[in-house]
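According to TrEMBL:
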TRANSMEM  A:21-40  transmembrane segment
TRANSMEM  A:52-70  transmembrane segment
TRANSMEM  A:77-95  transmembrane segment
TRANSMEM  A:101-123  transmembrane segment
TRANSMEM  A:135-155  transmembrane segment
TRANSMEM  A:198-217  transmembrane segment
TRANSMEM  A:247-266  transmembrane segment
TRANSMEM  A:278-295  transmembrane segment
TRANSMEM  A:307-326  transmembrane segment
TRANSMEM  A:332-348  transmembrane segment
Amino acid sequence: MPWRCQGKQGWTMMFNNLIKLPQLIISVFLLVLIAVAWLLQMDMATLFNESLVKLVMNGVLVMSLIPMLNAGVGLNFGLPVGIIGGLLGMCLAVNFRMTGFYGFCMALLFSLAICAALGFIYGLILNRVKGREEIAGTFIGFSFIPFMNFFWTLVPFQNREMLYPIGGQGLRPKISLENYFNHILDNFCVIRLGDLEIPAGLLAFFALLGLFLYWYFHTKVGRAIIATGENEAFSKLSGINISRTRLTAVIISTVIAGVGICVYTQSYGFIQLYDEPLSMAFPAISAILIGGSTGKRAFVFEAVLGTYLLQSIYLLTVPVANQLLIPELTEILRSFITYGIILYALLVRETRRDCR
Amino acid sequence: MKAKAPLNCYFNHERIVPAVFLVLSFLAWQISGLTGSFVLNQVITRFIRDGLLVLALIIPVVAGMGLNFSITVGAMAIQTSLLLVIAYNIEGVPGILLVMVIGIFLSVLLGYVLGRILNRVKGKEMITTIIIGFFVNSIYQLIFLVGFGTVIPVFNQEIILTRGIGVRNTVDLGMYRNTIDKLWLFSIGEIQIPLFMILIVLLFAGGIYYILHTRFGRQVQAVGSAAETCAVLGIDTDRVRIKVMILSTVLAALGQFIYLQNIGMFDVYTAHLNTGIISCAALLAGGASIKSAKVRQALLGIFLFHTLFIVSPQAGQHLFRNAALGEYFRSFVAYGTIALALIVNVGNENRPIQRK
Amino acid sequence: MENILQISHLNKSYNGIPALKNVNLSVRAGEIHGLVGANGSGKTTLMNILFGQPVIHETGGYQGEIAFAGRRIEFKNCSQAISCGIGMVHQEFALIPDLTVAENIKLGREHTLAFTDRLLGRQFSYIDNRHDRASSLQALRKLGIELDPDIKIMDLSINLKQFVEIAREIDRTDLRLLILDEPTAVLSQDNSWMLLEILREMSGRGIGILFISHRLEEIQAVCDRVSVLRDGELVARYEKNHIHINQLARDMIGHSVIKAAAGKRKIEARPLITFRKFSVAMPGEEIKNLDLNVYEGEIIGLTSLPGHGKLALGYGMMGLYPVAGEVWFNNERIVRMDAMDNIVKGIYALPDDRQGLGILADQSLENNIVFTANQAKNMFSRSSLFPFLSMLDHRRTVPHVEKMVQDFDIKCASFKQKVRELSGGNQQKVCIARALTAEPRLLFVAEPTRGVDISAREKILSMLIEINRTRNMTIVFASSELDELQRVCDRIAVMVQGKIFKILSPDSPEVDFALALSGETGMDDDV
């Protein structure tokens with residue numbers, strides 16, 4: 001009916017403007033933090049260098065959300081599934097004492113295989129809970145973690161550097177990558193310009209991944225994924241196999257999440273096992289929302305922008321909070337921003353859907 | 001007209017889930033080697049502590065809003081009021097009464113806000129309540145870790161960290177301890193029965209049963225079953241849902257109060273964190289689903305779930321010489337129950353629908 | 001007798017498009033007032049206004065005056081209407097599936113214990129289930145039904161649901177005006193007559209009844225007066241004893257001048273597609289055991305009242321709903337309904353719900369037009385080692401889209417424009433362009449002119465004729481707009497309750513169509 005479609009356009013325009021609101025607030029907040037940091041005479045060059053590393057470190061995980069979002073499966077609150085696949089891949093590489101680039105590549109390869117298998121199962125489950133993927137994903141992720149804790153405890157890995165030194169059973173919660181592939185991408189082809197250090201290799205890796213996603217969503221399958229996400233019934237009428245399309249998207253998402261945690265870990269320096277992946281999904285989700293995604297469709301650019309904004313804030317709040325003598329403030333502000341953004345996006349998205 | 005085959009009656013989740021829990025907890029109890037009276041005493045204590053929190057979940061489920069993970073908000077409301085009253089050194093019975101009054105007032109307010117929010121995200125209530133729980137938690141931390149001692153003056157220096165800002169991690173509730181817990185305490189052999197508290201929980205259980213059988217309760221059921229039809233029948237769906245959330249939040253606040261005074265110590269920043277998940281899992285263990293819940297399922301679920309919860313660390317110790325495995329097992333059970341309930345329920349819901 | 005309901009000069013429009021024009025209607029206490037009209041004549045809008053449906057208020061309210069029992073009223077929601085004593089029997093049942101029969105009948109009027117009433121107020125008073133069951137049994141008995149009041153609604157058959165829906169209103173003691181929307185549509189002949197008896201008895205007690213039905217026989221038999229709505233206007237009113245079925249049918253359809261857009265043809269070629277005992281389980285629009293031959297090269301119209309299955313055929317062919325029965329396409333049996341296979345074979349269906357299923361609103365004109373052809377037939381792809389990873393070849397899509405935009409006169413700023421921003425008519429043209437791009441031999445079209453302005457409608461209709469004539473594309477055209485079908489089609493099949501009821505020639509008299517639609521066999525011939 002014409003009156004309805006006119007109303008819808010009005011609403012969309014209104015919300016297209018409104019969705020920029022959190023971006024605006026976040027940017028202003030970031031500027032204030034930068035000003036404070038400058039006033040506190042912190043080393044801006046170091047902060048900038050670090051921000052670039054942080055961008056890629058978290059950015060790959062954020063990008064992993066894109067395929068599922070575009071397929072209409074929603075925000076991937078089950079990110080721990082892919083993360084655990086990646087952790088397992090790295091553990092295998094470390095166990096076989098594979099070092100350097102060879103080690104990192106093998107870790108990626110292992111992760112790829114494991115995540116593809118996990119993603120397949122995860123995708124089948126998500127197809128079953130169509131319409132409630134987000135809550136189901138949350139709890140699939142949550143319950144997968146204690147399940148894997150069994151595994152970490154009982155797995156017969158041989159490398160002493162991975163095991164509890166004495167009096168414990170199973171893998172350590174934090175496995176150092178010092179002798180394996182610590183900072184392997186971070187330190188690859190670093191360009192130095194005075195104080196600035198540009199991690200060109202790391203950024204190139206990131207750019208490559210971004211280009212892959214961009215290319216993929218222009219291929220025939222990619223376009224089918226986007227159409228399915230936008231209008232499932234339309235795709236079905238055009239002969240697209242909805243379940244298979246969604247499954248593909250979930251597998252790709254899971255695989256990229258596995259790659260993401262490998263990149264994250266080589267920067268961080270330690271493989272973090274056990275309950276560590278539990279809350280990793282939320283900052284990633286809030287990053288892509290800050291980037292301007294509506295929670296229905298996402299672009300590579302949004303992932304990059306959102307990650308950079310959010311991670312720079314995280315980075316800056318640490319020294320600022322320390323100066324204020326309340327170190328806990330960092331963590332509190334992080335969760336405040338993270339969850340606030342997600343909540344806001346949920347509210348706006350659902351209201352938009354009502355108008356359809 | 002007979003819709004269900006008799007076989008179906010015996011093999012639905014209402015019976016299977018409790019049966020599985022019964023078998024699991026019995027096996028775990030046998031392995032753990034704990035005495036029956038110890039376990040029973042513990043379960044009775046947990047029954048009193050968690051009873052009201054689980055009961056608070058029933059009405060939102062009946063109203064079709066799914067599991068209300070934001071009962072943590074109610075818990076935080078009562079904790080806020082408790083801390084305020086302690087901060088101003090109000091002791092004894094007037095203190096308890098004041099805690100109740102402020103707590104109920106706060107939770108009515110928050111329940112109203114929650115209701116308004118959930119009315120905007122129909123169909124996505126559960127994921128929203130989880131995020132709300134996390135978000136309010138960060139505000140709560142902001143108030144007590146940063147606000148207390150800076151913006152809010154505190155007269156009771158005992159609860160403040162040595163740096164003068166923020167509340168300590170644990171606050172002793174000595175001045176309120178054992179005020180009502182030990183009323184009408186019976187002992188049968190080694191088993192202690194605090195009859196008064198049990199009666200309180202049963203009274204609330206009866207209250208919920210009563211409410212569900214009033215006109216209001218009928219409206220709640222109608223809204224849960226077919227919200228769109230309700231408008232035509234003259235029921236204001238949104239208002240019913242707001243009332244439901246207020247009721248649930250107030251009950252959660254009272255429940256958390258019983259929980260805290262029973263423990264006697266108050267972990268300011270962690271006491272409320274898992275209430276949502278544990279209570280939801282307990283409700284589901286009793287045979288409830290995300291679409292239907294009954295009072296008897298809640299009561300049964302608390303017994304079954306907490307038996308398993310109490311014995312599993314010891315069982316892990318005996319079975320694998322590693323208590324941590326028992327811990328993993330119980331978090332797996334908690335998360336896994338919810339995940340499974342979601343997958344099964346939503347899957348069944350989706351089956352007859354072809355489009356969308 | 002006094003007027004219980006008095007409507008004067010009622011006007012209602014949705015965003016400038018009028019739905020009701022200056023309607024004057026009154027219902028006396030104790031009168032059964034019939035209301036008939038074709039689809040889109042404004043009956044639903046009128047009922048929504050009377051029953052205070054929020055949609056009316058949300059779309060800007062109405063002009064005119066409605067007086068109920070002498071007082072002027074303007075309802076903002078249904079509960080106001082209910083508390084005034086207006087009851088309604090809804091066509092698609094306002095029943096709560098998870099509640100029992102008794103709970104549904106008594107919803108909002110439950111008997112409660114007097115003790116708790118005083119203690120906690122009406123809202124929080126304990127419900128007396130036994131009392132409720134007894135009185136709902138009584139209401140059901142009045143309808144001549146023996147039904148266990150403890151059965152849940154979702155376990156009931158559709159005609160029992162209808163009885164429960166009616167029983168809920170009968171049970172009300174405060175009822176002063178009852179609106180019935182197609183209450184007999186799902187009932188058998190016997191049950192319908194029983195219901196009419198009860199309506200008579202109720203009107204005898206002074207209740208005003210507004211009775212809406214497509215079954216003109218019933219209207220004739222039971223109504224004291226009958227009003228006919230057409231295109232939002234009240235065009236005729238008859239007193240009892242002056243009600244004639246044929247006259248009503250003629251008034252409903254009106255005397256539209258038919259522009260013979262398509263030349264007359266008699267096509268008896270070989271059947272392109274044959275349905276045998278074909279059923280589609282589309283909720284609310286089921287097809288049951290349909291038998292139909294569609295000849296190669298013809299345009300066949302499908303029409304029916306809403307809910308009788310005209311829309312389901314195309315969806316069924318695209319595998320959107322479960323199907324049963326045999327389909328032969330081009331002398332080859334289609335065993336499995338798979339949209340991809342069928343598109344490749346040369347079948348395509350355009351949906352009636354354009355906004356919901358017909359377009360990718362956030363994507364460009366270009367993507368929309370080539371989407372199906374590209375996905376199903378790999379047209380416009382750049383060659384690639386793996387076809388599923390091929391990119392769009394814009395050197396080929398651009399000229400094609402340009403041609404389509406020109407041929408069909410699609411008004412757009414550029415073909416990179418989002419389809420969301422186009423008007424309804426242009427969106428429909430985009431849909432048809434997409435269908436043509438996939439080059440089907442058989443095209444199902446459903447309600448292509450719904451929500452489209454008059455000039456775009458003409459364009460779309462002539463497009464359909466043109467592609468039929470020039471590309472020899474067979475078209476199955478499902479619509480509720482009879483005059484459109486008459487202008488375009490070679491044959492028109494009228495469906496009743498999911499079956500072909502009658503196949504008429506487009507120049508058959510209006511009355512025949514109206515009668516066939518209501519499922520009434522004409523004067524002389526029997527089908």
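Note that the numbers count up from 1, one per residue, in the order the chain is shown.
Just so you know, glycine gets a Cβ as well, placed from its N, Cα and C.
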Would the transmembrane segment (A:278-295) and the transmembrane segment (A:198-217) count as touching if the test is at least 3 Cβ pairs under 8 Å, pairs 6 or more apart?
no
Residues sitting near the transmembrane segment (A:198-217): Cβ under 8 Å, six or more positions beyond its termini, same chain?
49, 52-53, 55-56, 59-60, 63, 66-67, 70, 185-192, 223, 225-226, 252, 256, 259, 263, 300, 303-304
Criterion met for the transmembrane segment (A:332-348) and the transmembrane segment (A:21-40) (at least three Cβ pairs under 8 Å):
yes
Taking the transmembrane segment (A:135-155) as reference, which of A:21-40, A:52-70, A:77-95, A:101-123, A:307-326 has the most Cβ pairs under 8 angstroms?
A:77-95
Same-chain residues at least 6 beyond the ends of the transmembrane segment (A:307-326) whose Cβ lies under 8 Å from its Cβ atoms:
23, 26-27, 29-30, 33-34, 36-37, 40, 42, 47, 50-51, 54-55, 57-59, 62, 283, 286-288, 290-291, 333-334, 337-338
Other than its close neighbours in sequence, what residues sit by the transmembrane segment (A:21-40), given a CB gap under 8 Å and a spacing of at least six beyond its ends?
47, 289-292, 309-310, 312-313, 316-317, 319-320, 323, 337, 341, 344-345
